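J.: The structure follows.
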Amino acid sequence: MDSEDDMHDANDVESLDDFYSGETALASDEDDGDYEFIDNDSDDSEDRTSHRQQQNYIILSEEDICVRQEEDITGISTVLFISRVAASILLRHYNWDVSKVHDAWFVDEEGVRKTVGLLEKPVVEFNLSPKEPTCGICFETYPCERMNAAACGHHFCCACWTGYISTSINDGPGCLMLRCPDPSCGAAVGQDMINMLASEDDRDKYSRYLLRSYVEDNKKTKWCPAPGCEYAVDFVVGSASYDVSCNCSYNFCWNCTEEAHRPVDCETVAKWILKNSAESENMNWILANSKPCPKCKRPIEKNQGCMHITCTPPCKFEFCWLCLGSWSDHGERTGGFYACNRYETAKQEGVYDETEKRREMAKNSLERYTHYYERWATNQSSRAKALSDLQQMQAVQLEKLSDKQCQPGSQLKFITEAWLQIVECRRVLKWTYAYGYYLPEQEHAKRQFFEYLQGEAESGLERLHQCAEKELHVYLEAVGPSKDFNEFRTKLAGLTSVTRNYFENLVRALENGLSDVDTHGACSRTSSSKNLGGGGGSKSRGGRGKITSQRPFPSQTKGLDDTNHWSCQHCTFANLNSATTCHMCHNRR
Amino acid sequence: MANTNLPRRIIKETQRLLSDPAPGISASPSEDNMRYFNVMILGPTQSPYEGGVFKLELFLPEEYPMAAPKVRFLTKIYHPNIDKLGRICLDILKDKWSPALQIRTVLLSIQALLSAPNPDDPLSDNIAKHWKANEAEAVETAKEWTRLYASGT
Ligand SMILES: [Zn+2]
Ligand SMILES: [Zn+2]
Ligand SMILES: [Zn+2]
Ligand SMILES: [Zn+2]
Ligand SMILES: [Zn+2]
Ligand SMILES: [Zn+2]
Ligand SMILES: [Zn+2]
């Protein structure tokens, strides 16, 4: 290897490292054993504070909502010198926007009173001359004390009022805008009359509607969309990020209320969901949880979260669930390049039944969609599996592990953190497939860079997921404390941290529309990358641009010379020879 | 027997409808169901329905007057707010209903609707389109239908 080559490799590693570590300073290779400290309180609390600073929303319980609503009503009532009932009617009419109420009221109080139905004096004098006035609804006569009216003075008997109010309440939230029964009159009927005249049941319903209205009609608030969750979210409109993490642990997008979908924008999500429902019949077979083993053809069920599947004995063939390729073609043998995220690759490997089925199934576009959809859906179910594994872990396994390995619970936090990270990464990864589907075909440089980043993300996460799922198992099943448990901790905590950084950078890069590629990638160097697969000489390799946008891509990785890489003892990551520390786990070579 | 518990209001309304009918409108309860009314509305003058006699049925549901009466044309009529089944698009029969309204006010509103069709709030799309595209021709069709289906006996 000549020196020029080494120099460029060094550049590559440096810039790739940038991508992996981002702004966060990682523990350097000098302090290998330090993860124990890092994954403890210091790191954690720092995370939490920074999270709090960025937080642009407040989670509200039912009690919080009541308090806020009462405060707003009191505020309006005090400033405008009107009753609390009138203030409530006014606020409801202006969708609980305090400043809109102020503005409208001070510009044209009379006009506002008229549209909302807040009368200052009765429009009719209640004629007391007939001793027994007649109710305009039931046509019965009643003594005056059994008649009632809103501010307008249109009297009806109490029984008719009760029926009128009940009918309206059972019709839905429109009861919050109830008006006098007289067809020519718009006088508002407020909560005071409801409480005086309605049944207890109806009064309860009314106040539920009032509370709900404060959330649903208010532009700044929404209910958490998670089923059964009763929290609401108050959002600072105009914030940079729409991501909301509810107290019930559900993460969602405030803007479109779909599940959180960074780095993809709401529009793409909507398009993707629409596409999925249009194609759902074609895609049903994909969601099946079983596929034939590529070697022995027996159906194998996927019951683990990671994509590395091992067929049952005697076959024991190890393969990748996504592309059905041999697992030995993934991971270290291919230099860490993960190929099965790329669309073209799947087509080239067309030897398996599944691929043939796919061919028959439809023409190119459906095939392309199928490719992305399958990966999207698989990451989704992997995420669900990881979430339930995490819960299982917290409920049972950690205690068991604590016993077996003689470790206090506080020393096992790294496991929960690893699983939380896996759940989050599966979510991000899932959406990168929608991103990839809509990334224009003609933007070659971007596509190549994107697929490279996505491939690295898949393989990095796969490594973490395997470590947290399979390697942990050994320690759970151990008879007594394992000597190498601390090493395991270092490895898993390291993988967690590295993967977190990688994914944070990935999200940022995709949200920026891969703008790095515009400045660095789309230059003349791109063309030289075409020679990469075959040649591999110093000249063409030296042509790589910033980061790895011109790296040889997965379909060509089989031709890549393995002598250019060393496999990390700790995590098996294939590092370039010029690197002295593993850029996955930061252990020394 | 179905009428034993007839509310005072319905009895009073019925009495007044019979003793003091609104011009051009007649409504009489069915003998075996006092909540079911046979209604006739004369086509208003200077409307395409002039000269026609339109039969309707009106039913007072159990919840009346908290809920609106149910009314339907039995005579075929060419009108943008009335569909093939004789159902009527009129706000006071839906969300604008108030228990302080009466059978009489409902029937007067229907009569007014015959004088002033509103193709912007249609129930019958085809007729409304026709009305908007070529009102003169639509009015001719309405007159034709009045002659064919609503000319008495
Ligand atoms: Zn009134
Ligand atoms: Zn009454
Ligand atoms: Zn929630
Ligand atoms: Zn969204
Ligand atoms: Zn097998
Ligand atoms: Zn694969
Ligand atoms: Zn490593």
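Cβ atoms here come from the backbone N, Cα and C positions, even for glycine.
Marked as compositional bias 'Acidic residues' by TrEMBL: A:1-17, A:28-46. Residues annotated as compositional bias 'Polar residues' in TrEMBL: A:547-558. As annotated by TrEMBL, domain 'RING-type' applies to A:131-344, A:135-179. According to TrEMBL, the domain 'RanBP2-type' annotation covers A:562-589. For A:1-53, A:521-559, the entry in TrEMBL reads region 'Disordered'.
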J.: Which sequence positions outside the domain 'RING-type' (A:135-179), separated from its termini by at least 6 residues, show Cβ-Cβ distances below 8 Å to it?
T.: 92-93, 117-126, 128, 185-190, 193-194, 196-199, 202, 205-206, 209-210, 212-213
J.: Can you give the mean pLDDT for the domain 'RING-type' (A:135-179), rounded to a whole number?
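T.: Averaged over the domain 'RING-type' (A:135-179), the predicted model reaches a pLDDT of 92.
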J.: On the DSSP side of things, how many residues of the domain 'RING-type' (A:135-179) fall into helix, strand and coil, could you say?
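T.: Helix, strand, coil within the domain 'RING-type' (A:135-179): 22 helix, 6 strand, 17 coil.
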